[in-house]
């Protein structure tokens with residue numbers, strides 16, 4: 001298996017685990033307060049990752065510059081993403097937030113072009129646009145969802161949309177900073193420190209919610225959901241994502257974020273019995289086609305591979 005193929009498989013599995021988190025998260029949020037659940041999840045994941053890092057690689061020395069980028073990455077992509085999305089959805093509809101979230105591949109590609117100076121070929125830009133269209137189709141199919149949750153908050157819809165857009169920026173920076181840090185730190189090291197910092201950010205809010213939470217309420221199944229979120233989504237998902245991002249252009253990895261929408265839809269259909277529409281199939285085809293197109297190596301990548309061989 002080629003290096004690129006390994007990266008594509010790693011990123012695909014990572015994004016599918018993230019997609020599954022929407023289903024698991026729905027179960028978790030029905031029992032646990034959000035900050036407490038996030039603190040527990042990040043705490044378990046950080047402990048596992050620290051142990052893995054110590055055994056497999058040892059604790060690396062991190063220069064001040066990388067400490068800063070790790071902090072910003074955790075603040076924007078872990079803590080900030082969760083907070084902005086959580087509160088954004090309180091003031092805007094699922095339909096509007098879905099349209100905004102569908103721009104994630106394009107935002108990642110644009111930021112990588114502006115700040116990392118990554119030049120994307122025409123068909124790479126086409127694949128990004130196709131992914132955006134596919135995600136938008138998947139999200140637009142939910143425009144008939146009841147929006148009574150935001151009724152009476154029409155004047156704050158702009159704030160909700162802005163917060164959701166900030167969540168998109170956070171997710172984009174999560175990928176961009178992972179690419180920057182991969183030049184000096186291993187995928188395991190990045191995943192470990194980002195998760196640990198995320199845990200420390202959630203901890204004060206989690207402790208506050210813990211004082212009023214009845215820990216006798218959750219069942220064994222509820223704790224299993226938390227464990228899945230920590231081990232599969234956070235530990236496995238983060239390591240695989242950073243591994244893939246370190247090997248391919250950021251514009252390519254941007255397209256793979258479309259698998260979040262696809263997998264969350266499929267998991268919701270299977271496990272939550274949510275309705276499946278023909279428009280979903282069209283969206284899925286667009287996203288998968290975008291991934292296939294983005295996986296076609298450019299001439300520059302072929303030349304680089306030939307030199308490396």
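Using N, Cα and C of the backbone, Cβ positions are placed for all residues, glycine too.
Quick look at what TrEMBL annotates:
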- 7-138: domain 'EamA' (DOMAIN)
- 159-295: domain 'EamA' (DOMAIN)
- 7-24: transmembrane segment (TRANSMEM)
- 30-55: transmembrane segment (TRANSMEM)
- 67-89: transmembrane segment (TRANSMEM)
- 95-116: transmembrane segment (TRANSMEM)
- 123-143: transmembrane segment (TRANSMEM)
- 155-176: transmembrane segment (TRANSMEM)
- 188-211: transmembrane segment (TRANSMEM)
- 223-243: transmembrane segment (TRANSMEM)
- 255-272: transmembrane segment (TRANSMEM)
- 278-296: transmembrane segment (TRANSMEM)
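Counting residues 6+ beyond its ends, the transmembrane segment (255-272) has Cβ neighbours under 8 Å at 8, 11-12, 15-16, 18-20, 22-23, 26, 101-102, 104-105, 108, 127-128, 131, 134-135, 138-139, 171, 175, 244, 280, 283-284, 287-288, 290-291, 293-294 in the same chain. Across the domain 'EamA' (159-295), DSSP helix (H, G, I), strand (E, B) and coil residues number 111 helix, 0 strand, 26 coil. As a quick check, the transmembrane segment (155-176) and the transmembrane segment (188-211) miss the bar of 3 or more Cβ pairs under 8 A, pairs 6 or more apart, so the two do not touch. Long-range Cβ contacts of the transmembrane segment (188-211) within its own chain (Cβ-Cβ under 8 Å, at least 6 residues beyond either end) map to 33, 35-36, 38-40, 42-43, 45-46, 49-50, 52-53, 56-57, 60, 62, 70-71, 73-75, 77-79, 178, 181-182, 234-235, 238-239, 242. Residues 34, 38, 42, 97, 159-164, 166-167, 169-171, 173-175, 177-178, 180-181, 190, 193-195, 197-198, 201-202 of the same chain sit 6 or more residues outside the transmembrane segment (67-89) yet have a Cβ under 8 Å from a Cβ within it. When pLDDT is averaged over the domain 'EamA' (7-138), the result is 84.
Within the same chain, the transmembrane segment (30-55) stays apart from the transmembrane segment (7-24): fewer than three Cβ pairs sit under 8 Å, each pair at least 6 residues apart.
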